[in-house]
Every structure is written in C-alpha cells, then in structure tokens.
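Accompanying notes for the structure given below.
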C-alpha cells in the first residue's frame, strides 16, 4: 500500500488491525459465498435461479421494497420538512423517535406490527371493515418495510434542508415568485440528490430485511415469501447450493445498490459542496 | 544555531513543490519566507521542521545533518497556522504539554513546570488567562499561547507558519511589532512564512522571496525592495508599473510613446533591444509644463490617502501593448499641494528610479 | 441529528397562506404517531395486558434469563472488538493518504447493505458442517455454527461499520494539526492518542458504541441463521421473542419484547444526550 509521508504514528498498527479484521470477518466469508457457488454448474445455477418459487420471491421482495421506499420518499420528505422548518410542540421528542426503527430490534418490530395489523388488531380491524387485509399479505410486508425505511429518508434529507440558504428564498420572493413556485423551482431541486439517496438506502435495506417482515408477511410461497426467508428455508432443507446461489444473487444486488448509493452521495456532495 | 538547506527537491504527485532550493540562515536571525500561495514556502518550513521529508537534498541544523531525523530530535519549536491549540485543555495545560510529556528522568518537577509555564505566559503577557480554554480567547491571544507552547520546550529554532494569517488587520500590526521585540529579547533563530510583503518587510531581518518552488531572491528588506532580482520580485513586493519596449536612442519606445530613460551602462547596447522598465508609483515626478521631451499624460483620477495622494494618469495619444492602461502615481502630500492638480489636467511624466529587466533577466537598477 | 427551526419561516410571512403549514405538520405528527409511537406503546400494552404478575412470570423464566445472559455476553464481546476496529480504521482512513482508501471505506460500509440473512449464510458456508473449516472445528470439540461463537461472528459482521463510520467523518473534519502539534512537542504515540485524540473524538465514539450495542443486542436475521435456536444455549433475546411468539405465547413474547423496547428507548435517550453534548462541545470550540 503506497502512502505519502506523515509524522503521525500508528499507520502500521492501525492498517494491520483494520485489514486483518476486515479480511477475517468480511472478505473471506464473502469469498466463501462466491466459491461455493462455483461448485454449481451453470445449468444448475440457472435452474435454481429461474425456479418459479425463487422468481416469485424476488418479485415480492423487489416490488414491496420499491413500494415501501416510494411511500417513505413522500412521508419522509414531509416529516423532514416539518421538523426543519415549522415550529411544533415536543419537537425534540418527535425528532428523537424518528430513529426508533434503527434502535428497536427487528423481531420486536415484527411481532408488534403483526399484532397491530392483524385482522383483529387495533389497526387491522379498521381495515377489515373496509374489506382490506394487511397482515399476512404482501401489503403487510410493505407496512413493515415502511417502518424500517422511514428514518433513512428523513435523516438524509434533513441536513440538506437545514443548510438551504434562506437568501435563496428571499431572492425568489423579491423577484415576485409565489410560495408554490418558490418550492417547485428553488427549494425542491437542490433536495433531489438527497431524496434519491434516502430512497435508495430505504430500498436497499428493504430488499434484505428479514426480522420485521416474517411475522407479518404470512410467508405463503409464491405470494408473500421474501428472498431472505427462502434462503433460510433452503438452509433448513440442507439445500446449501440453492441457498448459496440465491445468496450470491442478493449479494450482487447489494453491491449494485452500494454503487448507486455511493454515486448518489457523491452527487449530493457536489450539489451541497460538503463532505 | 544555524539552519542550512541544501538542494531540496520535493514533489507531490506531479506537482513540484520545491525545485532544488538552497538556503542559509545564520544564528539569531529572523527570516521571512515570502511568496504567493502555492510557491512552496510552507512546504520548505515543514521540511526544516521535520513535519515533511525531502525527496532529494539535505537539511542541516547547527552543523548537523538532520535530513532523516524525526521532529522530536531536531530541537525545533513549530507554531501552526491555525495554532492547533488543544481545545480541551486550559491555556496553562497547553503550554505545559511539552514539559509533561518529557521522559520521567528529564521531566521537571510539578513546581518547576508551574514556574516555567507562568514565566512563559508572562512573556507573552497572558498569565491572567491561564485558566481559560482556547475557545474563550481572541485570535491574537491564541496566537501568543501557541508561541508560548512552542517556546516551553526551549527550542533552538522557532518556525512559524503564517503566524498572523488568520488575524484582523489591527491585531496583526500589533503582533508584528511584538514578535520582533520578542525575537530581540530571546534571540532564537527563527523563520516565519507569510504571503504579506508588508509583514515580511516590517518583521524580518532578511526576506526569502519564493515563487513556483524556487527561491527568487534572498536579501534584506531594503535590498529586495530597492534592488529586486527579477520581475517577479519587483511586482510581488510593492506596486509597480511595467513598461515593455525597445531601446531607441536615449529612450524606451513602447510603440509611439517614448519614455526618455535608458538602463545605466547600456551605452554599447544596440537600438531595438527589448527591455522592460519597472517603475514604482512613488518613483515618478509630475510636471505641469516642461522644456524637456517628456511623455504627455492626462490625470484621470485623484485619491487622497492621507500622507500621500494616489493618482491614475493615462498616456496621451498612444495605445500600445507595451503600456499599462493606467499608470499609478503616488505623490507626497506636499508635492501634490504644490502642483495643485485637478482631474482632466495635462501633466508630463518623469521617472526618477527604474528597475530594468532584459528578456526576463535582471539587468541593472539605478536612477534614470 | 439536531433540528432547529429557522428563525423566520420565509413561506409563512404575513400574507402567505397558512394552511399548508398546518396540513403538513398534522400529517407529520400523524405519521410519527401511527408508525413509530403507536407500535412502541403497543409493545408495552400487550406485555402488561394480562397483568403485572404474568409479566414478571414471563421474565422470570429460566430460559429468558439464559437468553438475557447470552445477549449480554454477545454484546460484551462484540462491542469492544468493533470499537477497537473502528478506532483503528478511522485512524488509518482519516489520518493518512494511501492508495485504495476509497475502496477500503466502501468495504467497511458493505455489511450495512448486505441482508443479515446473507451475513448468517456466509458463516454457515465457512464454519458449517459442510463448510471450509466446519468439520475441523467440530472435531476439536469447538463447534462454531449452532453455537455461541457463530452468534458472535454473525453479530460482529453486521455491526462492523457502526463505530468506524461515526469516527471517519468526524476525524476528517477535525484535521490532524493538533496531533501533529503534540508530536512536535515531543509526545509519544500513546500519549498523543490518550491526551489529544481520545478527548477530541469521545462523543462520536460513544455515539457509535451506543448504536453498535443496540444492534448487537437486537440483531435477529443473521443470528437466526447460525443459532440453531437451542433454548438455554444459543437463544438470544430476539430469538427468544420469536420462539415464544411462534408458540402462541403472546403475552410472554411481548413481555420479553418489552425488555428490548426498553433497550431501544434507552438507546434513543442516550443518543440524544450524546448529540446534545456533542453540539455543546462543538459550540464551545467555535465560540
């Protein structure tokens, strides 16, 4: 590793610890995943991945994660907007509680959401009267992923919104723009990169989420079975090859999402001129 | 306690920060490294300190080659540009830090440390603030704490990176004089970096002018101002009007506009030789009428600046590449009053002192 | 993150329509209430729905205690290791220039974007019965998968980034001048770290540790894959919640869940306190 000179000590120790730890914990196990997949022939790999149940689970995972991220894009934006710009009572409390999905173990979220949205639950019974079932259908998955993904959008948009120069608005106002025009033409455009980043983060998290989903999903194969659950099912049936192939596919998707998110964050930095 | 730098070269990737630089600083001197940003002055200072290492060349301190040595072994005190005070420690603890981290057998007793720190804080006139935190101090006070902290370990050399860069103009003026006095008192061999020529002239006993990783000139403040070694030095130190032209008889012809001056000792130089004349604003005389053959100008703008008047004059019936669009002239108040000039008036221009450069090379400097 | 109301809301000056503000504020409160506060409250209400005695009984169960002990053990191993790693990685990335710095940062972030189930899967592939080293470890009488070491490894994986990604931007912003000054004044490496670096990063470090701890104690997906769900042996608190729930023992499930919800509330409170302290020390530094 080539590095430029610094009088600060500890590069060797720090890089030693970092590289050793990451190799042992992240790199080698991930290589195992790739390696195991190569034990499958290409035909087997294709057969595993194009199995109708596998395809259905990918469709469920992607569609529900997409729907939840889209809804969160809107809801998260509204919350960030209100928290940054409007005075409101108990703001500190509301702001702190946004991070609840980060702090609450997913299993807890899972059982409580299942209880709330079950046909006889507090919220579920209300929807049952309308003829809508939420728990044990793909809708339930969307609800769980909305819970999990909400803070991602709020927390990426909030700082950018805070740093918006109030002179921009004053300038637009002095030029005679209406509030709606100011929002649409002046305030909203600089927020787009941050909004997209939040959306991508929520989507990526939703794709891989397991704990909060399985209790509310019903887990019916072909209908409400998500990919992570299918991997576990395959493992329990000792179908290691199948689990590995699906896992590799998920890993590839995760890499792509990471790449997209990095690019979006670079774009946000360029727009806001910040780290 | 001398500092000697021999043929230092340093590159950051493709950028050559220092290109074969050599420099000598004698015991007890106070030297300024002066130049525009990116000229390599801070890099040179950090190399001398041992905060950065050379690609090629050597650094000698007090007759000892320290090129490969760690900053701890060089006996230098370094004052950082943004002071780098430890924000979570009081002023007292900041100054005491260098003493407290000494090895047990070298470390002074707690009483000695306290005495030494208070002495230093007295020296920088801040003892009354010893219990404050850096964030509670003004910029000038922080600067002085940083200096006291660097002096605590009794360095043989003091190196300061843009010591006044982050301060208000008033504070800066005051601190300059103070630094000069402090140096006279302590007599530690010192180098400071600055991009402000006024600061360098006022504080330093010698100035090292740098540009693009090279040293352009080393000399006393008078020398670099009065006898600049290159066009760069001439225009970087003080304001200057530049006239490009060719020698034509007894004048410099800038293209239809004759300045009746000629470099001294250029009698055997043929006509049509290209030259550039660098003339400072205060090296002009303005005449309302003249018998001599002097170029004609018109007064465009008059600005009273206190002790001097600043004038902008425009060359009459001439537009050429060799001429500045406006010529800056500074007249002492008394001379201006005597002339009683007003905007739009016609004047004749006479240069009293000129720096000559031939094709970018230094030639000769002198009257006329 | 700290939100402040702008001193003057430009869209709300006299003459501007007020209804968007009320509609949006109402909507925001409704979402936060429905999606965040209600579930939190529901956990507690369900836990106590059968009365205090049954709650105590559910908690005071042998298997619950075993789960609590295991969860604390896992956190006690994982948090210090990831803290040391986080400091080392941040020191390397924020204080030195070297090739591959960006790639390394991405690698540290990677566990965040990988499904926890995959995190479990990869350790099964390395250490499971059919894995690379699984049979060897099992022969030594030290099984990893379906045992405590596997739970610790999977938890380590999912919590790798927490401390590091808190410290890297913080240390990058602080710059290295103070540390250089300490070295220039003769401080040794350890003295510099203890007296200069650590005091400067302590709030960020604490913040990362709090989040790391919350995730380590609450991790479900990754642990679920490698645990084997053996009651009293490889059952962490979140896994115990699942078992009780799947046995239709809802009151007990929610009672145990309420412990974890308490942990979440504690995490949020500590996090807010640290943020507040951080903002205060930042204010002091830039006065």
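Cβ atoms are placed via backbone N, Cα and C, with glycine included.
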* Which range of A:130-154, A:155-179 is transmembrane segment, per TrEMBL -> A:130-154
* **Contact call for the transmembrane segment (A:130-154) and the transmembrane segment (A:210-232): at least 3 Cβ pairs under 8 Å, seq gap 6+** => yes
* Asked: Between the stretches A:12-35, A:55-84, A:186-204, A:210-232, A:244-267, which one has more Cβ pairs under 8 Å with the transmembrane segment (A:96-118) than any other?
  -> A:210-232
* **Recorded stretch, among A:12-35, A:55-84, A:210-232, A:244-267, maximising Cβ pairs under 8 Å relative to the transmembrane segment (A:186-204)** => A:55-84
